[in-house]
Amino acid sequence: MPREIITIQAGQCGNNVGSQFWQQLCLEHGISQDGNLEEFATEGGDRKDVFFYQSDDTRYIPRAILLDLEPRVLNGIQSGPYKNIYNPENFFIGQQGIGAGNNWGAGYAAGEVVQEEVFDMIDREADGSDSLEGFMFLHSIAGGTGSGLGSFLLERMNDRFPKKLIQTYSVFPDTQAADVVVNPYNSLLAMRRLTQNADSVVVLDNAALSRIVADRLHVQEPSFQQTNRLVSTVMSASTTTLRYPGYMHNDLVGIIASLIPTPRSHFLLTSYTPFTGDNIDQAKTVRKTTVLDVMRRLLQPKNRMVSINPSKSSCYISILNIIQGEADPTDVHKSLLRIRERRLASFIPWGPASIQVALTKKSPYIQNTHRVSGLMLANHTSVATLFKRIVQQYDRLRKRNAFLEQYKKEAPFQDGLDEFDEARAVVMDLVGEYEAAERENYLDPDAGKDEVGV
């Protein structure tokens, strides 16, 4: 029985990435731009109903809710080539249409105003599912809507659907290039909700995405469309085991359980290979892709979609490689042995040091230039370095009291700036949790007692 997943897209980034994701899913399942099954799509064996439902006229409609506080991106989707696949009742544009002005407080306060309408949509989709497993939430944490309205919705969804899983795909800002000066404020406040209200967070950051696109396509300035295409490739690859189910990892809880042994350390990194012309136009085709080649490349830092600074003690908590295409299980076994012999991945001292592998088929409707492709979902302790950078940048702004006036105008800060202090404490605790996970006594109940007050 399929376990359905409802996708919620919030803000400019969430909707741009989401629209690419739905295009990709339509291509993979042989669904036309108006939601009808293409005549050649007769293979079967795929579960379309995890992400789509069928309307009375048998068209496939995404289980998607598209939210934004300003109209530009959603208007673009409503007039774009795939405009007819969405349920028009599932678009929500804020009444004023002025957006959240890159202010987390404005986005969060807007949540209070719009929650009734938005949760009507979410409830309607949930009631239309036979066996809802959870939600996929797409947003960026730097602006106002994705971070602020996103935070509000994550809190409320947790209260409203306590037994359903929430998996987010969260785009982090490039911490080196501050296109929005208040990024660190918005990111820190959103990070608190990602820590407390999500079951699993796939961390993608603009710096790494741009670097990978620039590297593969030999372009100086990658466009957002190219980086969004990359994110949608990761999303579609990370859901292949749900859509082409095997006997393992065929639902969201199976994937999350295999990657997240302790509830707070639920931030995942991704790598994907090979980037060829199928994923991004103009990418150079690599010659021969073997399972070993793919698995080795997945472990290379340059293929990671997150800018992190691993230290000597950084290690993997868990790894799941999703291998698509013509992969022989004996090749997989040999590749794992080779990786272990060469010590290409170092694991935590308190858990199993194994790479899990899920083999899935590729869509029969898309012509591929490579035999095998792979996505790595990994839980790695060095993700904490990204969170530390956000806190350091936040501290620099806060020390100068920079731009605080515009936050004080918003409802969440009417009674003071405690919201900031609480968020900082939550993120620092999370950093501490990942650092503790690098030690052997991590699971010892008395561990860390001597270190309090360091």
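Backbone N, Cα and C atoms are what each Cβ position is placed from, and that goes for glycine too.
Summarising the annotation, Swiss-Prot assigns GTP binding site to Ala142, Gly143, Gly144, Thr145, Gly146, Ser147, Gly148 and lists sequence analysis as the type of evidence. In the three-state DSSP assignment, the secondary structure recorded for Gly144 (GTP binding site) is coil. Contacts of Gly144 (GTP binding site) defined by a Cβ separation under 8 A and a same-chain sequence distance of 6+ are given as Gly11, Leu69, Gly99, Ala100, Gly101, Asn102, Asn103, Trp104, Ala106, Gly107, Asn186, in order along the sequence.
Residues Gly11, Ala100, Asn102, Trp104, Gly107, His139, Ser140, Ile141, Leu149, Gly150, Asn186, Ala190 surround the recorded GTP site, their Cβ atoms falling within 8 Å of the Cβ centroid of Ala142, Gly143, Gly144, Thr145, Gly146, Ser147, Gly148, which are themselves excluded. In the shown protein chains, 31 other C-beta atoms lie within 10 A of the C-beta of Thr145 (GTP binding site). Counting other Cβ atoms within 10 Å of each Cβ, the lowest count among the binding-site residues Gly143, Gly146, Gly148 belongs to Gly146. Over all protein chains present, the Cβ of Ser147 (GTP binding site) has 34 other Cβ atoms lying within 10 Å.
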